[in-house]
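Following: one structure in structure tokens, then a few remarks.
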Amino acid sequence: MVNFIFNGSVPTVMFLGILFAFFATCFCTAKFYPLLPKDIGRDFAHDGKLSAGKPRGAGFIFILVFAASGLIFARLSGELVIYIILVGAAMMMGFLDDASKVPWGEYKKGFLDFVIAAMVAVTFLNYNSNKVEIMITGTSITIPVILFGILTVVLVWASINVTNCSDGVDGLSGTLTLVTIISIYIIDIIKGNNDDFSYLILLFAVCILGYLWFNATPSKLMMGDAGSRAMGLFISIAVLKTGSPFLYLLVALVLILDGGLGLLKVSLLRFLKIRILKNVRTPLHDHVRKVWGWSNTQTVFRFTIIQIVVSMAAVYLTIIRMVS
């Protein structure tokens, strides 16, 4: 919005937007976090009771700041406005669950995630091509529209839920999401996709950093579903916008393994009566702390290191494909 007023100073305005997003997140979090709903702790999670009484749902704050920053400072199109609205909707669904005295059921949340995913698929196909680049082979394929839409729904739904399941250690899901979206941003720049959505990635990243200022161990608050579900949605949109959605398997590998294995384990047992990973606690961040004795700090650092290494390999692969 500001760009339309100060059209001749777009870089300066966008620079100020990044600073605004970070400091506004820090200010609003410090000012309003005592008003957030309080966590009740989780019996099934390792050290879950230690979180009892902490404010949760901080995603409500940093996602609102992101949305406001995007609407004020980004060069907007109809597509980007829809994405910002959908990220806000995912946040609100999560926040209502965070604030509810009776947690929402899994099927209710799963259905709402499906609705959001379907809206993303329709929006993306309306504004973008159904041509997909496979970075590993350096080839491109055109996927039939209906199949592309189905695969997009699967990607978005999975990203929302694996990111949500990874939110169980101070700073973990936020830091992993930060590494993931910055990796996507770097890949976008290498591919020449330095478009308006890339700027939204930077705004989202600094809002996460503002949140992490308060969430580092020992944390003062937690993002709750309000943050984790919105982050998962944003990751899926960001990777779709690269034109290489299969990159998700690399740039979000640790999120997939940490949160996804638990989803797979529960789904196979519930629907097919198949038991897998009997000796592995899920999410994996519970396993490494309970069984391997990792501290929270070790868990965050080591998971992040693994993701950085994989992301660096993905960036290198992108560079090789672009110059070959």
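In case you wondered, yes, glycine gets a Cβ from its N, Cα and C as well.
Sequence-distant contacts of the transmembrane segment (12-36) (same chain, six or more residues past either end, CB-CB distance under 8 Å): 2-3, 6, 55-58, 60-62, 64-66, 68-69, 72-74, 98, 199, 202-203, 206-207, 209-211, 213-214, 220-221. The transmembrane segment annotation in TrEMBL covers 12-36 (among others).
The transmembrane segment annotation in TrEMBL covers 57-74 (among others).
According to TrEMBL, the feature transmembrane segment maps to 80-99 (among others). With a threshold of 8 Å between CB atoms, the same-chain residues lying at least 6 positions outside the transmembrane segment (80-99) that come near it are 36-37, 56-57, 59-60, 63-64, 66-67, 70-71, 74, 109, 112-113, 116, 119-120, 123, 160, 164, 196-197, 200, 224-230, 232-234, 237.
The transmembrane segment annotation in TrEMBL covers 111-128 (among others).
Within the chain, the transmembrane segment (134-160) has long-range Cβ neighbours (under 8 A, six or more residues past its boundaries) at 90, 110, 113-114, 116-118, 120-122, 124-125, 229, 232-233, 235-237, 239-240, 244-248, 252, 255-256, 260, 314, 317-318, 321, 324. Annotation source TrEMBL lists transmembrane segment at 134-160 (among others).
Secondary structure at ASN164 (Mg(2+) binding site), as computed by DSSP, is helix. Long-range C-beta contacts of ASN164 (Mg(2+) binding site), restricted to its own chain and to partners at least six residues apart, with a cutoff below 8 Å, comprise GLY94, ASP225, SER228, ARG229, GLY232, GLY259. Taken from TrEMBL, the feature Mg(2+) binding site applies to ASN164, ASP225.
The feature transmembrane segment is assigned by TrEMBL to 172-191 (among others). Long-range contacts of the transmembrane segment (172-191) within the same chain, counting only residues at least 6 positions beyond its ends with a Cβ under 8 Å from a Cβ of the stretch, are 163, 166, 198, 201-202, 204-205, 208-209, 211-212, 215, 223, 227-228, 231, 234-235, 238-239, 241-244, 247, 251-252, 254-255, 258, 285, 299-300, 303-304, 307-308, 311, 314-315, 318-319, 322.
Annotation source TrEMBL lists transmembrane segment at 197-214 (among others).
Residues annotated as transmembrane segment in TrEMBL: 246-268 (among others). Here the transmembrane segment (246-268) has long-range neighbours at 132, 134-136, 155, 158-159, 161-166, 172-173, 176-177, 180, 183-184, 187, 235-236, 239, 274-277, 280, 282-285, 303-304, 306-307, 310-311, 313-314, meaning same-chain residues at least 6 beyond its ends whose C-beta is under 8 angstroms from one of its own.
Among residues of the same chain six or more beyond the transmembrane segment (299-319), those with a C-beta under 8 A of the stretch's C-beta atoms are 135-136, 169-172, 175-176, 179-180, 183, 186-187, 190-191, 217, 247, 250-251, 253-255, 258, 285, 288-289. Marked as transmembrane segment by TrEMBL: 299-319 (among others).
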Item to complete: Going by DSSP, give the three-state secondary structure for ASP225 (Mg(2+) binding site).
Response: helix
